[in-house]
Amino acid sequence: MGNGKEEDYNFVFKVVLIGESGVGKTNLLSRFTRNEFSHDSRTTIGVEFSTRTVLLGTAAVKAQIWDTAGLERYRAITSAYYRGAVGALLVFDLTKHQTYAVVERWLKELYDHAEATIVVMLVGNKSDLSQAREVPTEEARMFAENNGLLFLETSALDSTNVELAFETVLKEIFAKVSKQIQNSPRSNAIALGSAQAGQEPGPGQKRACCINL
């Protein structure tokens, strides 16, 4: 999967990051979108997102990745955060079992606010800290399989599987969209979710319409 031109895209996919504070969501976001990692552990406040345009086959896909940015500490994430999302990475810290123990609650909250067809990946982050592991790989994988989720272990610190995690989610979304396009006379320039539907494309951009998974 390669980088496309930021100003030219065929699809916009909103993907949300969810999970407990301190599991590494912000660093996964910055590693994927900017190839950066911050050792500063201070929690960021306020919802923010970053984008990266990638190529899936011949299609340019603009991934709009949203980060809770600390709001999960106060249980203050609103339905607006989930609105229009077609993908989600549910992240836990594999060195802190308590962050894994609440994964089911996060999944329920996600399904309460997002479309049932949303593509979800369970992500065990901080795989570089293998000596401090508290969550067995097989336990998390089994939970993912039983709940119809994708699963990967990642390290935002050393980049392990970060690209693969986002790439896999985006490909799954793209496969669903492509299947719908085959059965639809609509334009092939499609944005998913109400948040993107109202955006006006800039110079060189392809106008997008809206489709639900």
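Glycine residues also receive a Cβ, built from the backbone N, Cα and C atoms like all the rest.
Annotated GTP binding site per Swiss-Prot: SER21, 24-27, 38-39, 43-44, GLY70, 125-126, ASP128, 156-157, in sequence order. Just so you know, the Cβ of LEU157 (GTP binding site) picks up 17 other Cβ atoms within 10 Å once every protein chain is counted.
According to its DSSP assignment, ASP67 (Mg(2+) binding site) is in a strand. The number of other CB atoms found within 10 A of the CB of ASP67 (Mg(2+) binding site), across every protein chain shown, is 23. The Mg(2+) binding site annotation in Swiss-Prot covers THR26, THR44, ASP67 and is backed by similarity to another entry.
Annotation comment: Swiss-Prot describes CYS209 (among others) as S-geranylgeranyl cysteine.
Residues annotated as S-geranylgeranyl cysteine in Swiss-Prot: CYS210 (among others).
Taken from Swiss-Prot, the feature cysteine methyl ester covers CYS210.
The motif 'Switch 1' annotation in Swiss-Prot covers 35-49 and is backed by similarity to another entry.
Here Swiss-Prot flags 67-84 as motif 'Switch 2'.
Looking at SER21, THR26, ASN27, ASN125, the binding-site residues in this record, the fewest other C-beta atoms within 10 angstroms of the C-beta turn up around SER21. In the three-state DSSP scheme, THR26 (Mg(2+) binding site) is classed as helix.
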